[in-house]
Amino acid sequence: MLTGLSCQNGLTPEVRMRRPVVRKLVVPAVCAAVVSVGAAAPLAAPHGAPDDRTPKVPVAAGYGGAVSSVDADASAVGIEILRKGGNAVDAAVATAAALGVTEPYSAGIGGGGYFVYYDARSRTVHTLDGRETAPLTADSGLFLENGAPIPFAEAVSSGLAVGTPGTPATWQRALDAWGSRTLGTVLKPAERLARDGFTVDETFRAQTAANETRFRHFPDTAELFLPGGDLPAVGSVLKNPDLARTYAELRRKGVDALYRGDIGRDIVNTVNKPPVDPGSGWNARPGDLSARDLAAYRAKFQPPTKTSYRGLDVYSIAPSSSGGTTVGEALNILERTDLSRASDVRYLHRLIEASRIAFADRGRWVGDPAFEDVPTKELLSQRFADSRECLIKDEAVLTSPLAPGDPRDPRPCARGGTAAPTTYEGESTTHLTTADRWGNVVAYTLTIEQTGGSGITVPGRGFLLNNELTDFSFAPANPAVHDPNLPGPGKRPRSSISPTIVLDRHDRPVVALGSPGGATIVTTVLQTLTGFLDRGLPLVDAIAAPRRAPASATRRRRTSNPACTTAPCGSVWRPSGTRSGRTRRSARPRASSACRAAGGSRRRRRSAGAAARRWWCIRRGRRPRAQRPPSVHTERRPGEFSGAPLRVPVHSSAVGVSWVRKTSLPSCASTVTRPPSRTRPSRSSRESWLSTSRWMVRRRGRAPYSGW
């Protein structure tokens with residue numbers, strides 16, 4: 001699921017004169033959307049699971065903050081924090097903790113992630129690398145047995161695959177640096193959610209069924225996720241009292257309970273001696289994690305990557321993730337092409353070829369910078385991109401694996417060198433985006449790698465351990481080529497995670513986004529950005545567009561059938577489907593701007609976004625004099641106005657949020673869909689969005705407004 005947010009400022013003189021009319025017209029749209037979100041994402045259900053019969057809508061509106069995630073319960077937790085005065089960082093940590101309850105196969109305190117933060121006061125972007133690390137005893141032969149690589153399936157469900165978790169340290173460092181609440185405060189709603197339980201949906205049951213066999217290898221996992229020995233029934237309530245107690249311990253003792261305390265001791269024992277059912281016949285290889293590994297772990301502050309594209313600044317995460325460099329290089333390659341005027345075939349061809357080139361370069365050059373000499377600056381230079389862009393021909397197709405370029409000595413159209421190896425990355429991750437009333441924005445992607453991670457649950461603790469170390473290369477694919485992604489002591493495996501925040505020339509947010517999907521994260525984020533910024537697609541359409549990726553990004557899921565019969569020279573594109581990235585996006589409104597969020601529907605049917613409103617009392621066109629606390633459930637009184645709307649998708653696996661000018665506010669359709677682009681969406685794009693929208697502006701009993 002992808003989440004995002006975008007904003008534009010200002011009112012023309014003509015609109016200022018018509019301001020009272022604008023207010024009257026926009027109120028119904030804002031109210032309808034906000035009330036529907038309040039229903040979809042109840043803020044604080046005190047007992048039991050939320051009512052699954054609540055209606056889902058694609059976009060919701062409000063003002064004062066936003067939370068967008070794959071799950072309604074998790075989004076509600078984030079909104080609860082915002083309502084109580086917390087900021088975007090507080091809400092992000094609270095939402096992530098809740099996802100550890102409702103999305104345990106994709107996230108949790110047994111994993112890691114990457115955190116990107118926009119500070120509205122300084123108008124700067126900061127990042128945290130919370131990637132898992134290999135044990136200090138690991139070496140390049142970690143996954144070799146008798147000189148040969150261990151079968152991937154055997155490596156995944158073993159102690160060998162488990163890296164030192166980074167998620168709790170990421171939460172603590174983010175809160176210490178930018179938060180306004182303590183860890184104990186923001187974990188409280190997730191603790192309650194774990195104790196009271198959540199409603200099982202079709203997706204959760206399907207994910208459990210797909211992992212049922214390996215879950216049965218581990219008694220603690222089977223007891224938690226296969227209650228009574230059977231798959232959880234859709235509509236039943238799944239409770240996790242062990243995780244509730246673990247969160248309670250973290251609230252009392254802080255993250256030292258994991259990195260230097262009892263929780264950490266239990267993790268070490270589980271990794272080094274996986275609790276396997278003797279009757280299963282499964283050989284879960286032990287790991288070599290130690291208390292020293294946990295005590296030595298640090299979530300790292302580091303500068304973000306920065307790429308200029310179409311006059312905007314694109315910020316993302318630097319290595320150890322390859323997301324920022326790979327998306328950035330691809331954008332630089334596409335900078336010279338006018339994608340707004342390109343045909344659909346030429347647009348997709350250029351997108352895929354730019355991705356193919358960027359993947360080739362990441363495979364050769366990107367690894368953990370603490371161990372490898374990563375030329376990040378050179379990879380993101382326009383000079384290097386220009387030297388690689390000339391490889392793309394409209395009448396021909398590059399083939400994978402493609403030889404990498406040399407960013408330190410870029411030569412136009414150079415084809416020298418040997419192709420670097422590629423590694424497989426699990427496609428189950430989750431992303432969330434939050435924004436607060438002060439303008440701070442968080443894009444946070446967290447993961448335990450495979451769906452269900454290693455499949456190993458820490459006994460009595462209620463969370464799964466990651467299998468992130470399988471993101472390392474098991475062995476050099478070509479001895480002649482240095483592989484920067486081989487295991488090493490304390491090393492972080494390469495990732496494709498790409499949480500991204502785009503700023504305008506005034507260093508204000510335009511859009512914030514991220515996605516799960518393994519290596520397809522890069523192409524999902526890239527395609528959503530270009531669809532939104534270049535193709536003039538509404539945010540929701542850019543997210544929902546069929547996904548395409550080069551075969552090099554989907555090594556184990558490669559398709560033999562082209563996704564487009566008109567592809568030039570038989571390009572093989574990865575067709576969209578349930579295994580590609582699911583984008584989520586969100587951001588924050590300013591006093592003179594409106595915001596919107598949008599989402600796709602590729603992942604969980606209970607995916608959700610929520611908006612907190614700040615009501616303004618409008619009297620005779622003057623500025624607001626009174627303010628009521630944000631609430632999604634408060635009914636509008638005559639004469640009240642919600643201010644600039646913040647739209648957040650609810651029924652989505654991909655979510656986006658964007659800022660719009662108040663000049664668009666009379667039109668519900670345009671407030672939701674008009675991005676900052678040179679071109680207008682096609683009629684089919686507009687109809688595609690309007691057909692998914694469940695609310696429209698009604699004016700004096702007339703039909704919903706559907707114009708632009």
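Indices start at 1 and increase along the chain as displayed.
Backbone N, Cα and C atoms are what each Cβ position is placed from, and that goes for glycine too.
Of the residues Asp90, Asp176, Asp471, Asp541, TrEMBL puts just one in the L-glutamate site with Arg131, Ser495, Ser496, Gly518: Asp471. The two recorded residues, Gly518 (L-glutamate binding site) and Thr429 (active site, nucleophile), have Cα atoms 7 Å apart. Each residue contributes its Cα atom, and for Thr429 (active site, nucleophile) and Ser496 (L-glutamate binding site) these two points are 11 Å apart. Taking all protein chains in view, 29 other C-beta atoms sit within 10 angstroms of the C-beta of Arg131 (L-glutamate binding site).
Asp471 (L-glutamate binding site) carries a helical DSSP state (H, G or I). All chains included, 27 other C-beta atoms sit within 10 angstroms of the C-beta of Asp471 (L-glutamate binding site).
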